[in-house]
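Chemist: Taken from TrEMBL, the feature active site, proton donor covers B:Lys205. The NADP(+) binding site feature in TrEMBL is assigned to B:Leu9, B:Gly10, B:Ile11, B:Gly12, B:Thr13, B:Val14, B:Gly15, B:Ser16. Feature annotation from TrEMBL assigns NADPH binding site to B:Lys105. Here TrEMBL flags B:Glu190 as L-homoserine binding site. Feature annotation from TrEMBL assigns domain 'ACT' to B:355-431.
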Protein chains: 2
Amino acid sequence: MNPIQVGLLGIGTVGSGTFKVLQRNQQEILRRAGRGIEITMVADLDVERARSIVGEGVQVVNDARQVIANPAIDIVVELIGGYGIAKALVLEAIAAGKHVVTANKALLAVHGSEIFAAARAKGVTVAFEAAVAGGIPIIKALREGLTANRIEWIAGIINGTTNFILSEMRDKGLDFDVVLKEAQRLGYAEADPTFDIEGVDAAHKATLMSALAFGIPVQFDKAHVEGITKLSATDIRYAEQLGYRIKLLGITKRREGGIELRVHPTLIPAKRLIANVEGAMNAVVVQGDAVGTTLYYGKGAGSEPTASAVVADLVDITRLATADPDHRVPHLAFQPDALADTPILPIEQVQTAFYLRLRVADEAGVLSRITTILAENDISIDAVLQRESAEGEKQTDLIILTHETVEGRMRAALASMQALSSVLAPIVSLRKEELA
Amino acid sequence: MNPIQVGLLGIGTVGSGTFKVLQRNQQEILRRAGRGIEITMVADLDVERARSIVGEGVQVVNDARQVIANPAIDIVVELIGGYGIAKALVLEAIAAGKHVVTANKALLAVHGSEIFAAARAKGVTVAFEAAVAGGIPIIKALREGLTANRIEWIAGIINGTTNFILSEMRDKGLDFDVVLKEAQRLGYAEADPTFDIEGVDAAHKATLMSALAFGIPVQFDKAHVEGITKLSATDIRYAEQLGYRIKLLGITKRREGGIELRVHPTLIPAKRLIANVEGAMNAVVVQGDAVGTTLYYGKGAGSEPTASAVVADLVDITRLATADPDHRVPHLAFQPDALADTPILPIEQVQTAFYLRLRVADEAGVLSRITTILAENDISIDAVLQRESAEGEKQTDLIILTHETVEGRMRAALASMQALSSVLAPIVSLRKEELA
């Protein structure tokens, strides 16, 4: 059979990795797929650079629409990113009857429903293994490997930049701003790191996993998103003393009445495997009712790790290119007519345990006033750490770990505690998950 | 579409788990697969117990051949185990045109080539996700998730019994025999634990992963297999002092000239994620040239975790039941006509680093004589730990970590060292892997 022909839209980091991997492992991939897979056309605004990567023999154009219009192209790989032109091009490629492979989590988390519906109507596939956790085959695990399970929850370190920053903050006791600069210098953070450090990138990925796990549409707008910019080295240190590490987690969880979907810094027990995932690595924990806890670990970004996922999608599509679309795995794991309208819960209804740090006056009765407020809000205490105040010091840090409670209650309690005259600074509150 | 009909051969631990999971998650699975999956017939020698598990509405027989002969059955699930009757039944089921799902690693590691060839000839699938690492979708990761990669090596904790025993030995400083009895009492080890503790079970699984990773036939007879029965608490302790943990690993590695396939206790750096996999849990590390290091973690045994893998296979088959067999993923990841005859290397040619413990006379010149022998055999030393001998003691432990060498050289060196008069007891040698 003649090779399947692939057109690349955009040949930056991931695109050039995809080209290199397909070339280098051509034989290995052919032996697996049973059919050659060749990039025969590339569109990039920088035609010269593109040409220098792919050499002769591959058609290079500066207009993506020429790739889509080429009847010889079977699969279009979209690696442009963002919601704008990428969306138009993906929809046009689908309309032209091309299968699409994309690493664009932002696009799918926001416009996934529209895109998947268009693909279904046209009988083509939109594959996106590279959109979550880079080279880790987590989409495949969720869509195919764990189909027996009622998924209970997923918690993942799905943004390498922030995990690198948090690892450095902990290792070296440095503050966020200092480490961010270092990360930018080393290329672990972009010049404009907003999407990473504010948790938006992780929320895009968590949104996709939420849909795959629970059979609901992608709903990025319902996600609760907090980044790591306000995190202080002090809290990382206290967490450590209490046996916890702080990680930026994307979490989605099935609850009575709805589904939680949230990204925020989270205390997790230091002994958990995922607490020991350091640097720019990614890891996702999936809890299923039959399988129990499973974990998937690897590089979440980078040229060839992401290319590994793109090529895996190309092989999957190649295998099924001539098959009846009904035989394919549904885009969002569940059959399109079997999606549920289970709501995403507002953050006030989310249930977690909490870590609180209060700067309090070192005087009699403070602890009693605070614990009374927690009790009045039905929040029970798991542990208290009160630092011995130094000679002559008139204030001290009070650390409280609570049991699981509803966020709305905690917010009420926080307001009451903050109003106490013996609470001398804004209270720090962080969510805590046992992940067991 | 009417539900796909499944017949179970054997309804013990995994069989009853499969039945329960399919019942409990019926809706969830239907929403994913797009077609119902029902166990409509069960064969078990203990008909009464089988009946008590499945209730009315499922046909229970004591003759597996009745299931195979039933034209309404689409998929046969073999959960009998072993090489004997299970082999005959699997081949008969294939001959009858049934798809087969099996958790039987022993059968496939030894007779896989024959079974897969029969399945191909008949156009049916033999699926075996449950045969390696229980509920962890590692077969799927190797066959589909990592198709872009030239796999470099795989190293896995793929036997829960021995990992439980090793974890207990380390935690409690106890010797093998004591912990084995405890493991048997707790149900983590069988009454006859030979297959587990001698490494045979792990070698079956490593053999399957070797074929999947490198596109070679299954060749269990070429695997080098060592268990944990001779491991002492002393070496676990010394390893710990040097920053290593000892795990029973199944390893398969691509080398110039051939492929390594081996199971043995292995020192690995304590800081590696896989070194922190404790108790009966499983984990597999896969190194691919594009993706880098990935790790897969979860429960490697047990009723519902294993059932999770069996049901995932059922869903895969259901999706593709009416498709052209050419569209299916090949049994061993590579197309059957693309398997390579790369040899499995004999153990003498395997390359690893070593940990050596020598009981030596505490006298001048011993270390020099030993290091000379190593140098003569071209083995370079990474670290030496010599215990200060206690007052009046005339012998001491000498621990040596070497750099990577060829096993044959180490065997020659060991023979020479053992012949020294100042070496007072059999030398302990263990292999060491950096896994990076």
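In case you wondered, yes, glycine gets a Cβ from its N, Cα and C as well.
On a predicted model such as this, the values are computed, not experimentally measured, just so you know.
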Chemist: Work out how many Å separate B:Gly10 (NADP(+) binding site) and the residue listed as 'L-homoserine binding site' at their Cα atoms, rounded off.
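Modeler: Answer for this pair: 19 Å between alpha carbons.
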Chemist: Tell me which of the binding-site residues B:Thr13, B:Ser16 sits in the most Cβ-dense spot, judged by other Cβ atoms within 10 Å.
Modeler: B:Ser16
Chemist: Would you mind reading off the Cα separation of B:Gly15 (NADP(+) binding site) from B:Lys105 (NADPH binding site), to the nearest angstrom?
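Modeler: That separation, Cα to Cα, works out to 16 Å.
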Chemist: Can you name every residue in this chain, apart from B:Leu9, B:Gly10, B:Ile11, B:Gly12, B:Thr13, B:Val14, B:Gly15, B:Ser16, with its Cβ inside 8 Å of the center of the Cβ atoms of the recorded NADP(+) site?
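Modeler: Apart from the listed residues, the neighbours are B:Leu8, B:Gly17, B:Thr18, B:Asp44, B:Leu79.
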Chemist: Can you tell which of B:Gly10, B:Gly12, B:Lys205 has the least company, meaning the fewest other C-beta atoms within 10 angstroms of its C-beta, among these recorded positions?
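Modeler: Per-residue Cβ counts within 10 Å for the recorded positions B:Gly10, B:Gly12, B:Lys205 bottom out at B:Gly12.
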Chemist: Roughly where does the domain 'ACT' (B:355-431) sit in mean pLDDT, to the nearest integer?
Modeler: 95
Chemist: Count the Cβ atoms, other than its own, that fall within 10 Å of the Cβ of B:Val14 (NADP(+) binding site), considering every protein chain shown.
Modeler: 25
Chemist: Please list, in sequence order, the residues in the chain of B:Lys105 (NADPH binding site) that are at least six apart in sequence and whose C-beta is under 8 Å away from its C-beta.
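Modeler: Result: B:Phe128, B:Ala131, B:Val132, B:Asp201, B:His204, B:Lys205, B:Leu208.
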Chemist: Give the number of CB atoms, excluding that of B:Ile11 (NADP(+) binding site) itself, located within 10 Å of its CB.
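Modeler: Step by step: centre on the Cβ of B:Ile11 (NADP(+) binding site), count other Cβ atoms within 10 Å, giving 26.
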Chemist: Within the chain of B:Leu9 (NADP(+) binding site), which residues six or more apart in sequence place their C-beta under 8 angstroms from its C-beta?
Modeler: B:Ala43, B:Ala64, B:Val67, B:Val76, B:Val77, B:Glu78, B:Leu79, B:Ile80, B:Ala86, B:Leu89
Chemist: Among the binding-site residues B:Gly15, B:Glu190, whose Cβ has the fewest other Cβ atoms within 10 Å?
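Modeler: Sparsest of the binding-site residues B:Gly15, B:Glu190 by Cβ contacts within 10 Å: B:Glu190.
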Chemist: Would you list the DSSP helix, strand and coil counts for the residues of the domain 'ACT' (B:355-431)?
Modeler: 23 helix, 28 strand, 26 coil
Chemist: Does DSSP give B:Gly15 (NADP(+) binding site) helix, strand or coil?
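Modeler: DSSP call for B:Gly15 (NADP(+) binding site): helix.
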